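Colleague: Swiss-Prot feature annotations, pasted as is:
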ACT_SITE  176  active site, proton acceptor
ACT_SITE  295  active site, proton acceptor
BINDING   124, 174, 178, 296, 328, 380  substrate binding site
BINDING   202, 204, 205  Mg(2+) binding site
MOD_RES   202  N6-carboxylysine
SITE      335  site 'Transition state stabilizer'
């Protein structure tokens, strides 16, 4: 980079002026420590900016550096606290695009704070003029730092015990239309879906407390629906009551009321609500024995562009640290963005104890979760009964499959729509347990089940031509 090299020597040895970032922050001989937090950035420097200088600038501007030397550097140990760009590699097939690896000392981050961690790593550097684009692809969170976080309130194993549901994915449905229903009609829709065979129903992400349906009324009618459906079916049911609110105080007031009326699970929009609010709510949920469903509303604004932003695998890791028992993760086969290998990479990062580096799935670092509970992935968005075999094969048992339009769009109503999905799921689980390959034989499995389930047969006929086949934006 071209700078005006104006420097002034003081008696103390301090040199004022501007110097290249790479002189301080590019350290290719550095060997990362087990306690370092590691980051992989996809970067495109401006013309004329060497990749070493750009990588060093990323390390500097996301840790201790600024655009000029400052005399207060002499008051601290810069080598102890600075971020270090320790490796840079070209991205195959891309012109002027590089993966830049940065190691951050653990002391740079407040314990147990995703908010502080992200403020440091991505808070300022993404607007740096020397970079045309920058994307945070992955983080390696050291075990020493993970141990300062509570993580999910309960996790997958505890949730299954609470619900007494084993050996299959959970089934859910988002109530539609997402806006405009009265609280009583909303509760009616919840009841019909749950009695039809679903485990959960869900508030949509933008249902909070609007004039047409205030939160307290919705909570009461939804809980009445849960209790009636449980009494009829003998199964434990739930509805994700969205407690996202304008302030943390109001959020906790809604959570307290949900617990008081007996709901087993509540919901939060973690990106629009913020990580501070989410961590607060996750800790409340563990103290109070309530499950926490997390919606990722706004994620595509941050993660969909390949060259700039933050990859969802990072947002998923941050959620596991901040706390949540469920997290929406795409479907691979539905209407929302999601290439299979990349999607399953971050799904494993959500629910497994240890995940090895696997660049083919976009996993840049080996991640040990140090016994932190896992997060159940939620597949939701444009799925219907014909997708069931693929969803069971792709996501396995430890997942929640949510059919919104694929339940409520059934010609005979909500309860038959729920029954169609439950029959399709049970048929796929039985076929899988018998050793059948659902990728090859899934269509036959659904057709066989439809012969003795009129509800499923009608759903199969309605959605037999519906596909969402578009090229994925998120590729390696």
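Residue numbers in this text run from 1 along the chain shown.
Every residue, even glycine, has its Cβ placed from backbone N, Cα and C.
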Colleague: Could you say which of the active-site residues 176, 295 has its Cβ with the most other Cβ atoms inside 10 Å?
Modeller: 295
Colleague: For residue 328 (substrate binding site), what is the secondary structure by DSSP, using just helix, strand and coil?
Modeller: strand
Colleague: Can you tell me the CA-to-CA distance separating residue 295 (active site, proton acceptor) and residue 176 (active site, proton acceptor), as a whole number of Å?
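Modeller: Each residue's Cα considered, residue 295 (active site, proton acceptor) and residue 176 (active site, proton acceptor) end up 16 Å apart.
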Colleague: What's the longest C-alpha separation between any two of 124, 174, 178, 296, 328, 380, the listed substrate-binding residues, in angstrom?
Modeller: 36
Colleague: So which of the binding-site residues is most packed in, judged by how many other Cβ atoms lie within 10 Å of its Cβ, out of 202, 296?
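Modeller: Sorting the candidates by Cβ neighbours within 10 Å, the top entry is 202.
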Colleague: If you measure from the CA of residue 380 (substrate binding site) out to 10 Å, which recorded positions from the list 176, 202, 204, 205 are inside that radius?
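Modeller: So far as Cα distances go, none of the recorded positions lies within 10 Å of residue 380 (substrate binding site).
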Colleague: Cα within 10 Å of residue 176 (active site, proton acceptor) is the criterion; apply it to the binding-site residues 124, 204, 296, 328 and give the hits in sequence order.
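Modeller: Cα within 10 Å of residue 176 (active site, proton acceptor): 204.
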Colleague: Within 8 Å of the Cβ centroid of the Mg(2+) site residues 202, 204, 205, which other residues of the same chain have their Cβ?
Modeller: 174, 175, 178, 203, 206, 207, 240, 242, 267, 295
Colleague: Compute the C-alpha separation of residue 328 (substrate binding site) from residue 204 (Mg(2+) binding site), stating it in Å without decimals.
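Modeller: Their Cα atoms are separated by 12 Å.
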Colleague: By a simple count of other Cβ atoms within 10 Å, which of 124, 174, 380, the binding-site residues in the record, is least packed?
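Modeller: 124, out of the binding-site residues 124, 174, 380, has the fewest neighbouring Cβ atoms within 10 Å.
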Colleague: In the structure shown, with every protein chain counted, which of the binding-site residues 178, 328 has the densest set of Cβ atoms within 10 angstroms of its Cβ?
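Modeller: Max Cβ neighbours within 10 Å, all protein chains included: 328.
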Colleague: Between residue 174 (substrate binding site) and residue 204 (Mg(2+) binding site), how many Å separate their Cα atoms?
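Modeller: Distance between the two Cα atoms comes out at 6 Å.
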Colleague: Within 10 Å of residue 204 (Mg(2+) binding site) (Cα-Cα), which of the binding-site residues 124, 178, 296?
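Modeller: The binding-site residues close to residue 204 (Mg(2+) binding site) (Cα within 10 Å), listed in sequence order, are 178.
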Colleague: What residues, ordered by sequence, lie under 8 A Cβ-to-Cβ from residue 205 (Mg(2+) binding site) and sit at least six positions away in the same chain?
Modeller: 178, 242, 244, 269, 272, 295, 297
Colleague: How many whole Å apart are the CA atoms of residue 124 (substrate binding site) and residue 202 (Mg(2+) binding site)?
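Modeller: Between the alpha carbons of residue 124 (substrate binding site) and residue 202 (Mg(2+) binding site) there are 36 Å.
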